[in-house]
Amino acid sequence: MTSAFFKTGDDFEKVQAARPDFRRDAEVTFSKPPKPDWKQGEGANDDGESLKKNHVEIDPHEEGRPVSSNYKILISGMVPRPIALISTKSKDGKSANLAPFSYSQVINHDPPLFVVGFVGSLEKAKDTLKNLAETEECVINIISEHFVEAANATALNAPYGVSEWEISGLHQAPSSVVQPARVQESILSIEGKLVETKEFESRTTPGKKTGVLAIIEGVRFWAREDAINEDRSVIDLKVLKPISRLGGIQYGRTTDAIEIPRPQF
């Protein structure tokens, strides 16, 4: 029961109550890789077991396949995903928004560039995208274990103008270059400026805008003192304790890692 996944229709409170308590003292530990003596050309480390399995072909746009099935397979299979807890401000400066996005990733370091994917269109943009498009500013905050519940609360579908800061109980800290505040509780925050956006059309409903990609340049980094090394170039994983997104309502934590040297030709 303790390892059971929550499924739609289950009594979540009952499933949750049967699980062990969260281990706050769990440290990041390093183990050997599955096959430490692996050599070039050896392939998978499972003695050929994966070669005995069959695959099914899926056309994401096949007749009768609901779009929600594509969503489910992608968020459950493309895991773990980093989560960008994005802070924005309205154009008039009267409202501040905070929301998590797992369609996000760093894509370059010179300059520091990030991508964030939004569901919907620019014309009918929700709070974060609307604010980002109009002000071209945001702050990307990395989520850690010590405020995962508060970060999750910001996913609430609140009306425009309602502040998720109050709902979450998280604290605003002043930024240096942009107007939106950073999350004081976050161990790593990146002030960002919008570079460009690109809209995408639905394949099942031609002409309907269903997604927006935003490219954001990081213009300032904020790292907690006890998490950054002396030359301010590396974040300590054991201090960061990052939270990642899995499928459904699942989140992941990093408590076990392996190290494999990059090969040289």
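Cβ coordinates are placed from backbone N, Cα and C, and glycine is handled just like the others.
Automatic, uncurated: that is what TrEMBL annotation is.
What TrEMBL annotates here:
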COMPBIAS  17-27  compositional bias 'Basic and acidic residues'
REGION    17-65  region 'Disordered'
COMPBIAS  49-65  compositional bias 'Basic and acidic residues'
DOMAIN    76-236  domain 'Flavin reductase like'
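Here the domain 'Flavin reductase like' (76-236) has a mean pLDDT of 97 out of 100. Using a Cβ-Cβ cut-off under 8 Å and counting only residues 6 or more beyond its ends in the same chain, the compositional bias 'Basic and acidic residues' (49-65) has close neighbours at 73, 203-204.
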